[in-house]
Amino acid sequence: MEKLMIEGGTPLEGTVQISGAKNSAVALIPAAILADSTVTIDNLPDISDVRLLGELLKEIGGEVELADQKMVIDPSKMFAMPLPNGRVKKLRASYYLMGAMLGKFKKAVIGLPGGCNLGPRPIDQHIKGFEALGAKVTNEQGAIYLRADELKGARIYLDVVSVGATINIMLAAVLAKGRTIIENAAKEPEIIDVATLLTSMGARIKGAGTNVIRIDGVESLHGCRHSIIPDRIEAGTYMILAAAIGQNVLIDNIIPLHVESLIAKLREMGVDVEVLDDQVRIRNHQEKKGVDIKTLVYPGFPTDLQQPATTLLTQAHGTSIVTDTIYNARFKHIDELRRMGADIKVEGRSAIINGKTKLQGAKVRASDLRAGASLVIAGLTAEGITELSGVEHIDRGYEDLEQKLIGLGAKIWREQMSDQEEEQVKSS
């Protein structure tokens, strides 16, 4: 196992290039199952979740080539191979295989997903959608079994706005008979990205990006070529990092509209944010002041940036309150920040941060992907050296993290853990 070593205190400067969106990639790759011919996806981030999905497509008979941020998928020999165990459980987004395989083969067996440990992430809205389309769904020994004689379009109202359920129902509905209407649909940019791919394959989808999506089923879908949108969460992470310890940082290959809620909060804190066509520049000249943040579904403040933002607010003057309305278990990073000297207490779904505090390097552990990002920011801000374990979580969602940070002047490197350190991590 590896750990990240971070020597903090060096102001960052330069340009960082944003990769393709992880949250799009993990849905676009399963979507290729629905096609009858080759699908090529460009601008893929080089992260472990993408590699894992490529391997899963091979397990069900697909031919997959992955090189230079491009995946070429030939789905013509795929079949409804059950995937109750193994790799499928390592990946939260493996649930998109349910919608895609149900849509293509009218049956699927998928082990319940893993990935980030954020408390219960129920898939009841996904199942409700599949059942409305005519599928029989059972949960047996930690795997979801789906079967349908035929899928028929339906009107589906989501009780909770869910990106995962919106995409999964789209995947299952594009080859169903008749019209499907998803009401109270999520509006995230990644949903538009998936709808764009499916439309290029021949699907008939209207309203993606609004709260009502209409899908008219078609007989078959063909291959296509698609380029993924930039990763708004990676972009936001670097914007927060630049606000915490940057002097003059240019974030390149970004859609500013997708990070509007973050731009507004940074400006409210007193950060100098310059918005260009496909770039954002962060300059840091003055003291930052505390603000209150409440996570909401898009276009509100993203839950995926709540943890990095919490770290930033330790460096702002005054009291800030961060409330996560999406995932109430997303505060595992706070104990680690406290080890570094942060003054934070958790009350229910809120973290109350008293700043400004000087953070000190410490041994800390990332419990999930975005907690890892928040602790990297903390390490770069802190005095001394921070040792960060749980690096595998970061590798799931951030491409070339160290190289991008080194390009900005950060002092960050990897080391192998000792046997004793590995034992400590496994037992904690």
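Cβ coordinates come from backbone N, Cα and C, glycine included.
From a predicted model like this one, the values you see are computed outputs, not experimental measurements.
Taken verbatim from Swiss-Prot:
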- K22, N23: phosphoenolpyruvate binding site (BINDING)
- R92, R121, P122, I123, D124, Q125, D304, I326: UDP-N-acetyl-alpha-D-glucosamine binding site (BINDING)
- C116: active site, proton donor (ACT_SITE)
- C116: 2-(S-cysteinyl)pyruvic acid O-phosphothioketal (MOD_RES)
Three-state secondary structure, R92 (UDP-N-acetyl-alpha-D-glucosamine binding site) (per DSSP): helix
D124, D304 as binding-site residues, winner by CB count within 10 A: D304
Lowest local Cβ density among N23, Q125, which the record lists as binding-site residues, within 10 Å: Q125
Inter-residue Cα distance where the pair is N23 (phosphoenolpyruvate binding site) and I326 (UDP-N-acetyl-alpha-D-glucosamine binding site), in Å: 16
Cβ neighbour count within 10 Å of I326 (UDP-N-acetyl-alpha-D-glucosamine binding site): 21
Other CB atoms within 10 A, centred on K22 (phosphoenolpyruvate binding site): 24
Cβ atoms near P122 (UDP-N-acetyl-alpha-D-glucosamine binding site) (within 10 Å, other residues, all chains): 10
Cα-to-Cα gap, Q125 (UDP-N-acetyl-alpha-D-glucosamine binding site) vs N23 (phosphoenolpyruvate binding site), nearest whole Å: 18
Secondary structure of I123 (UDP-N-acetyl-alpha-D-glucosamine binding site) (DSSP, helix/strand/coil): coil
Number of Cβ atoms other than its own within 10 Å, given for I123 (UDP-N-acetyl-alpha-D-glucosamine binding site): 21
Cβ neighbour count within 10 Å of R92 (UDP-N-acetyl-alpha-D-glucosamine binding site): 21
Assigned element (helix, strand, coil) containing I326 (UDP-N-acetyl-alpha-D-glucosamine binding site), judged by DSSP: coil
